[in-house]
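As written in Swiss-Prot, here are the features:
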{"type": "DISULFID", "residues": "Cys321-Cys333", "note": "disulfide bond"}
{"type": "DOMAIN", "residues": "220-348", "note": "domain 'OmpA-like'"}
{"type": "REGION", "residues": "207-218", "note": "region 'Hinge-like'"}
{"type": "TRANSMEM", "residues": "27-37", "note": "transmembrane segment"}
{"type": "TRANSMEM", "residues": "63-74", "note": "transmembrane segment"}
{"type": "TRANSMEM", "residues": "78-86", "note": "transmembrane segment"}
{"type": "TRANSMEM", "residues": "105-116", "note": "transmembrane segment"}
{"type": "TRANSMEM", "residues": "121-129", "note": "transmembrane segment"}
{"type": "TRANSMEM", "residues": "154-163", "note": "transmembrane segment"}
{"type": "TRANSMEM", "residues": "168-175", "note": "transmembrane segment"}
{"type": "TRANSMEM", "residues": "194-202", "note": "transmembrane segment"}
Amino acid sequence: MKKRALAIAFLLASLIPSAAQAEEENGWYLGAKFGWSHFNPLKYDMNNSQVNNNDSSIENLSAPIVGLFLGYEFNPYFSLEIENDTNGFFPHLIFQKNNEHIQSNSVQLATKLSYPITDEFHLYTKLGGIVSWNDLSSKNTLKNLFSKESALLPSLSLGAEYIFNETFITRLDYTWKNSVKNIANASIKPALGDAVLSIGWKFGKSDISDMFSSDDSEPLNEQYSVLNENINFPFNSTELKPSSYDKLNKLDDDIKDMQLKNVSIVLLGHADKIGSDEYNQKLSEDRAYSIKNYLASRGFSRDKITVKGMGKLYPLTNQVCRDVVNKPLLISCLAPDRRVEIEVLSDVQ
């Protein structure tokens, strides 16, 4: 029996998702509740009166209930809530000290499992536990919180909510409460219950569609490669050849003739294998910048031209020139490696 009571308490912890799965959006919400409660006054202290435990006429009492709740929505299907409830709240008796009335204050921690019918209308169930503030302040109560005689009241709620404009919450639900002792003895009759109407405010939103959207989805303005060109350079040089100017001018004309939209250009500079890695890295970048400067002089925006030096990492002549030893012959053989690869991107495929 004790294990059954422990299982109820650990149910909350088992349902809490990891923080890594929580959305970055603000999921907090706050609200107030009011309704009618059927509760056992013998479980609580009485204001201005003493109750005889043998008086069965007041063993159960129907009275108003008011409260506040604070919750966090991890996603449209799972939330965690804490509530503070006041049972037996009769405003007209607050200042009448001679009148007997019973009032209890309790705190509830619950998980809220929702089933969205639409983005605005949800059905839900809540599983949790309720303890009075007086019981929480008692060391003996805390010591026996997970025993058969526990003051903890496990609770089950069923309800529906409608959210206006993604922020204003309205709810209607009914909560059954029973003692751990009854549950441990396999009693399924709920002894206590609350019928409640709630209103609240969400500080953020969590759309159902966001649950199934991919983080690595393609951008809306995807660009396509529409033109390519290679420009070769002399050995150990960043100077453009006359033939290179002709190629770049033709590339400019082709872009204009195609009436491309949102054009961007990627320049990848390369060097041959002669020299150190650091020197060739700098040389490859400088070659790419030579072309960027010329294209900018033709009217291209510098912000739309990306430059990257590749050094000697991607040779085209690796197999052809592998056995060449004579340096002049090697320089001539490696000519295709001294290049800048140009790729023109556009929204139009």
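Indices start at 1 and increase along the chain as displayed.
Glycine residues also receive a Cβ, built from the backbone N, Cα and C atoms like all the rest.
Keep in mind the model is a prediction, meaning the values are calculated, not measured.
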Worksheet item: Of all the disulfide-bonded residues given, Cys321, Cys333, which residue's CB has the most CB neighbours within 10 A?
Response: Cys321
Worksheet item: Which one, 63-74, 78-86, 105-116, 168-175, has the most C-beta pairs under 8 Å toward the transmembrane segment (27-37)?
Response: 63-74
Practice prompt. Go ahead and report the DSSP secondary structure tallies for the domain 'OmpA-like' (220-348): helix first, then strand, then coil.
Written response: 50 helix, 28 strand, 51 coil
